[in-house]
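First up is the structure itself, then whatever we jot down about it.
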Amino acid sequence: MNQQGTVIVTGANGGLGNAIVSHILDRQDLNTNYYGIYTVRDTVRGARTVLRTLEWAKSVKHSHELLAIDLGSLDSVRRAARDINSRVANGTIPPIRALILNAGWGEQTTHSFTNDGFDMSFQVNYLSHFLLTLLLLQSMDKKHGRIEVLGSWTHEYLIPGVSTCSTTDPNNKKGPSASMYTPKRYQQIFNYPINTEDLAKGKWSSEREHPGDLNAGLRRYGAAKLCEIMMFRELSNRIEKDPELSAISVVAVDPGAMPSELNRRSIWVMFLLMKFVLPLLAPLAVWLQPNGTIRTTTKSARDVVRAAFDTATLGDHPNGIYLNGSEIADVGPEAKDAEKSRTLWHDSLVYARLEKGDTILKAWE
């Protein structure tokens, strides 16, 4: 085993996921030194795009595998984590240097639920990644490992002096989330008294309550992204105080809006816009404003991989850093609410059926 570590990328067949794999293959310092585990829901029917990309892995001597993980199933997540942990423990594959939680789910014209009984956006974007991360902590590189969460402006972010997109800012009437969060009941994703179950179970901003309202699905996606950012902050704080895991870094990146299949469950106009128009506009948008709202998957993949491996500008242990593309940014006010974050963490332990001994994180409860 000559590799320095393992890189795991969830959702490797999607637009950004495939671009991340392509960028890893393109970098000589990564393709030969790291073993790749690229997860897809179905390694046959759901992997055509990434399989085409991986056709040239052999020519750059990149050892890798496709691993089936259905993030809509907690049992599937547990099976995959057991498999990875077993192989790291017996030396078949090296410890995890980078765990990139890329997979996502968004829908506007439908409202889907998992067999576990959760809202699909909540489970795929957040809960399954929460479970996978805690289960895999034992297999992380304890000196240099990084866990990377993918954020989104749809949760809220603040770049001082540059941009504001916050569910809690009443003056934000023209921002990209303005119409999503205009109704008073949605100006906080978690209102007091804190209730995470409505979001988890799909009762919050449901299609049944808002038939035909495309913003209902966008809100659920944004709320799931808020949960991911709360997880990123909570986990980075807990890991920092853990004597065995304190050298592991937890980072987050907002990759921006890109041409991808994430919008295929939307109205046909939006699908065509994202599929055919945005790919033409994105390169110009990146040239004009590299970290603006619209970006190419190539640019975003570069930012994601940089956050997972860069030491020159981010340092050896960039724990707790949130990036908007390639720039350090700040999360919104609700993501900083310590009580909400703790409540979500504790409730998520119940939702994911996590028990003592499942994770090596000392402050797991």
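Note that Cβ sites are derived from N, Cα and C of the backbone, with glycine treated the same way.
What Swiss-Prot records for this protein:
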- Tyr221: active site, proton donor (ACT_SITE)
- Lys225: active site, lowers pKa of active site Tyr (ACT_SITE)
- Leu16, Arg52, Asp70, Asn102, Tyr221, Lys225, Ser260: NADP(+) binding site (BINDING)
- Asn90: N-linked glycosylation site (CARBOHYD)
- Asn291: N-linked glycosylation site (CARBOHYD)
- Asn324: N-linked glycosylation site (CARBOHYD)
- 267-287: transmembrane segment (TRANSMEM)
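Here the features listed in Swiss-Prot are placed on the structure.
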residue : record                                     : CB count, 10 Å
Leu16   : NADP(+) binding site                       : 28
Arg52   : NADP(+) binding site                       : 10
Asp70   : NADP(+) binding site                       : 20
Asn90   : N-linked glycosylation site                : 8
Asn102  : NADP(+) binding site                       : 26
Tyr221  : active site, proton donor                  : 24
Lys225  : active site, lowers pKa of active site Tyr : 27
Ser260  : NADP(+) binding site                       : 22
Asn291  : N-linked glycosylation site                : 20
Asn324  : N-linked glycosylation site                : 23
Top Cα neighbour of Asn324 (N-linked glycosylation site) in the set of recorded positions Asn90, Lys225, Asn291: Asn291
Helix, strand or coil at Arg52 (NADP(+) binding site) [DSSP, three-state]: helix
Euclidean distance between Cα atoms of the residue listed as 'active site, proton donor' and Ser260 (NADP(+) binding site), Å: 15
Candidate nearest Tyr221 (active site, proton donor) in space, where candidates are the recorded positions Arg52, Asp70, Asn90 and distance is Cα-Cα: Asp70
Top Cα neighbour of Asp70 (NADP(+) binding site) in the set of recorded positions Asn90, Lys225, Asn291: Lys225
Nearest of the recorded positions (Leu16, Arg52, Asn90, Asn102, Lys225) to Asn291 (N-linked glycosylation site) - Cα to Cα: Leu16
Arg52 (NADP(+) binding site) and Asn90 (N-linked glycosylation site), Cα-Cα, nearest whole angstrom: 31
Alpha-carbon distance [the residue listed as 'active site, lowers pKa of active site Tyr'; Asn102 (NADP(+) binding site)] in Å: 11
Integer Å distance between the CA atoms belonging to Lys225 (active site, lowers pKa of active site Tyr) and Leu16 (NADP(+) binding site): 16
